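Here's the structure, in C-alpha cells; my notes come after.
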Amino acid sequence: MPSATPHVIHIPSFRHFLSSRALSSVAFQGSAVAIGWLIYDRTRNPFDLGLVGLFQFLPMLVLTFFAGHVADQFDRRQIGLVCQVIEAITMGFIALGIWQGWLPTWGVFAAVTVLGAAQAFERPSMAALLPGIVPTAQLQSAVATSTSVMQTALIIGPALGGILYGFGDVVPFLASGVLFLVASYNVLQIDKPATLPARAPMTFESVFAGVVFIKSKPVMLGSISLDLFAVLLGGATAMLPVYARDILHAGPWALGFLRMAPAIGAVVMSLLLARFPLQHRVGIKMLWAVAIFGVATIVFAYSTNIVLSVVMLIILGASDTVSVVVRSSLVQLLTPDHMRGRVNAVNSLFIGTSNQLGEFRAGVFAGFMGPVAAVAFGGIGTLAVVLLWSRLFPALRKVDTLSG
C-alpha cells in the first residue's frame, strides 16, 4: 500500500531553500531600514531617500535580462550563493566605514548599487530553483508555503533593522552581513540538480525571450504592468523615515513598525487566500484590490496618528497581496520550465521598478511639493491607473479563475 505523500516542508532541499530566501530577505529588509535612517539622519533631505531607490534600481535595470539568461544556463544554486556572499561583504563594508568614520554618503549609495546588482542575479535564480526542488504535484503547496515564509520575513526584517539601529548605527549592518552568510550556507545544502541546463550562446533573442513571452500573454502582461504602475505611483515606503521623524515625531523603532506594517497585512491576506482562495471574477477583484491600495495610500498621506498610519499600511499591504497572488499564479501557470529564469527576471525587474523607482519618484515629488502631497498624489495616480487598465486590458477584467 503506497504511503501518503509527506508535506512539502519535509523535503530537506526545500527547507534549505526556504531558510536561504527568508534569511536573505530579513537581511535585505533590515538593512533597507537602516540605510534609510542613516541617509536621512545625515542629510535631512527627502530627495536623498529617493536616490537610495534609484541607485538600487539602476543595476537591476541594466543587468536583469542578462541575469535571467544566466539563470537559465548555469547552476542556479551557485548564482544565489555568490550573490549572498557579495551582499554579506557589502554589509561588512558599510559597518566598517561607519565604525571607523570614513564612509561618506556617496559611499553608502555605492554600496546600495552593489546590493542592487547582486539582487538582480539572486532573485530570478532563486525563484527559478523552486520547481526543480519539489515534485510537480507539490509545487502549488511549495509556492504557498514559500510565500507565507517570505511575508513573515518582511515583517521581521524591518522591525529588526529599526530595533537594532537603536543600539547603534553599525549593529544592523553587522547583523545583516551574518544573516547573508547563513543564507549562503543554506544554498550550499540544496541538492544539486540531476541535470544542468544545456549551454546556449547568448543572443539578443535569447536574452529578451522573457519579454517576448510575457507580451504574448495579454492577461499576464496586464496583471504585471498593473502592479508595476500602481506601486510605482502609490508606493510610500521611501517617505517612511520622514513620516517617522517629522510627521509622527517618533524614532527608529517607529520606522521599523511602519516598514513592517504592510507585511503584516500581506501575511493576514495570504493566510485568508490560502483558506479561501479566489474562485471567480479574479480580474475584477484584482482591480478593486489595487483601488483599495490607492485609497489607503491617500489616507496614510494625511495621517498624523501613528495608529491610523499603521492601520492604513496594513490595509495597503493586504490589498497589494491580492495583486501579487494573481500575478504570481499567472506566471507560474503559464511559464514553461526552460523559460523560468528569463520570465522571473522580467518579473523581478517589474517588482524592482515598482519598489525602487517608485521610491525615487516619491523622493523627487517630495522635494518639490513636500512628503504629504507627494504620497497623496501617488495614491490618486494609482486610482487613475486602475481606471485606465480596466479599459486597456479587457481580458484582465474578464479573468474568472486561476485554475488555468
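Each Cβ is built from the backbone N, Cα and C atoms, and glycine gets one as well.
What TrEMBL says about this protein:
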type: DOMAIN; residues: 202-404; note: domain 'Major facilitator superfamily (MFS) profile'
type: TRANSMEM; residues: 21-40; note: transmembrane segment
type: TRANSMEM; residues: 46-67; note: transmembrane segment
type: TRANSMEM; residues: 79-99; note: transmembrane segment
type: TRANSMEM; residues: 170-188; note: transmembrane segment
type: TRANSMEM; residues: 224-244; note: transmembrane segment
type: TRANSMEM; residues: 250-274; note: transmembrane segment
type: TRANSMEM; residues: 286-316; note: transmembrane segment
type: TRANSMEM; residues: 364-389; note: transmembrane segment
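Counting Cβ pairs under 8 Å to the transmembrane segment (250-274), the stretch among 21-40, 46-67, 170-188 with the most such contacts is 21-40.
Counting same-chain residues at least six beyond the ends of the transmembrane segment (79-99), those with a Cβ under 8 angstroms from any Cβ of the stretch are 20, 24, 27-28, 31, 35, 38, 70-71, 107-108, 111, 114-115, 118-119, 121-122, 125-126, 129, 169-170, 173-174, 176-178, 180-181, 183-184, 187-188. Sequence-distant contacts of the transmembrane segment (21-40), counting only residues of its own chain at least 6 positions beyond either end whose CB sits under 8 Å from a CB of the stretch, comprise 46, 48-49, 52, 84, 87, 91, 94, 98, 105, 108, 112, 115, 119, 122, 126, 146, 149-150, 152-154, 156-158, 160-162, 164-165, 169, 172-173, 175-177, 179-180, 182-183, 186, 238, 240-242, 245, 252, 255-256, 259. Sequence-distant contacts of the transmembrane segment (170-188), counting only residues of its own chain at least 6 positions beyond either end whose CB sits under 8 Å from a CB of the stretch, comprise 16-17, 19-21, 23-24, 26-28, 30-31, 33-34, 77, 80-81, 84-85, 87-89, 91-92, 94-95, 98-99, 160-161, 164.
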